[in-house]
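Let me begin by presenting the structure, written as structure tokens, before commenting on it.
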């Protein structure tokens, strides 16, 4: 069952209230570190922003506003009240809640322009008691009224004025003169009206399954959680929602690999920790973590998210736990940091030296005292065919029955190619991937088109390469097999991993590629932007075409992807869980072709199987205890 998370028209954040003069300078400033901001209406049905610190409150009647939302992903936004010349700077607000709040404010304000305001004389003589009523949720009619007013404004002659370059809540750009001052000191009382206001839509609802909602609520209760689940159960999506529900200043989203970190808008666990590989002595690691910049990570962190935990080595996890206690000066597990850990130990294991034995995190000394609760997502979303889901579950547990082997062997003859789009080959070794893609591209006739990325800091290109899913340079030709590296339009099937072929290039100085996708959509692919955190908490970005060559891709790089048509060679599988990760990338059995299959490559680590068996046993005991308690209560 899917549940739509109801986001409230109230947010909790830090806020700075600035009273500006006509030049945009702050005459008076008030900072509230922990504020509650509510959207509602007063006795005259005016739109009102109520700001409270828990003791005192201040109401701001909204007449004209400007919204600045460029840094909304970081939990920051600004509301400028005109003509009062008051600026509200919101920060450290959970991103999902802030997006919903700002979208609601925008729609309600635009829709309200249709209503005739109450004049001052009527207000003075009304005798109505003061009141504040929380705003009702956005309805379809609000959006229709807002768009009606926008259409009317668009039909008028646009007026240009000075102001900030601004990206609005709904994605509209304002292209004005660039200012040299900071946002907090800008004069925002200009006769600014965008040349064309974009059409508004309903605020996006966050849809979670019952299982996912339970995990999210457990996280918000402050408990240390490890949640797991097989491939395609929505772990990454849930992690993004968890990131969006926590205060940004004290939340650090990390993952064992750069690509996984990029998917959740975070950084690598090693970059956050600042202790290198962790092979040094504990004393040396503590000294490394106490360096300026690194220490600030540890001391400001209240919520640490770790994705792809299966690839984190157990001894490294233990060392992090000890470092956290030492640097933070607290004896609680992990120095009192809330841990939100995600992954599937039945997928890819930690990368270790050939001579070393794999040690998973759950085998570490600190795991049990750090993790309060283990939860499992069981509802598979990537695949809908119950037979294929059952086959994958058997492979995940290292079981390859005669029936499973027969079905996989039959895929050898599957014709997964369609409309000139070939199957992507999943390879166990990344060297094979590069050789295959380069060779197949060179074999194509015609002119090669090169696309260089625009990086925020060319000096840190190695860091960007490690975290960004697309290369610094992309070479394409007509007929090149490609896949999307980012969700562009989920409703049209343009999702991360969607397969396509380059059919032509747009004429002009940019020569943008035109791609026909397997889902039936033909699209001009334009550069997109990835933003992620580097060392020291600095933000890095790359602007590049969201495309990758797709004749081949490594199993490691495919983790978290859903592929339309895939060919797998399992003869060189060398790790437990690798065959499962590869096979579970396919959306269905019809889009899968397995070459040189050997049942011996299907294996699961026995220690991991034991861990999951124990986990399910403990969960069954908890459920039995809960049922007994409820039975007694109902007697």
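Using the three backbone atoms N, Cα and C, a Cβ is placed for every residue, glycine included.
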Segment assigned the feature region 'Disordered' in Swiss-Prot (from 112-149, 150-187, 188-225): 150-187
Correct range for DNA-binding region (source Swiss-Prot, candidates 558-577, 578-597): 578-597
Tally of residues which DSSP labels helix, strand or coil - the DNA-binding region (578-597): 9 helix, 5 strand, 6 coil
Fewest other Cβ within 10 angstroms of its own Cβ, chosen from the binding-site residues 229, 232, 234: 234
Sparsest-packed of the listed binding-site residues (230, 231, 233, 236) - C-beta count within 10 angstroms: 236
Listed in sequence order, residues with CB under 8 A of residue 235 (ATP binding site) and six or more positions away: 227, 228, 229, 307, 342, 343, 344, 377
Average pLDDT across the DNA-binding region (578-597), rounded to a whole number: 89
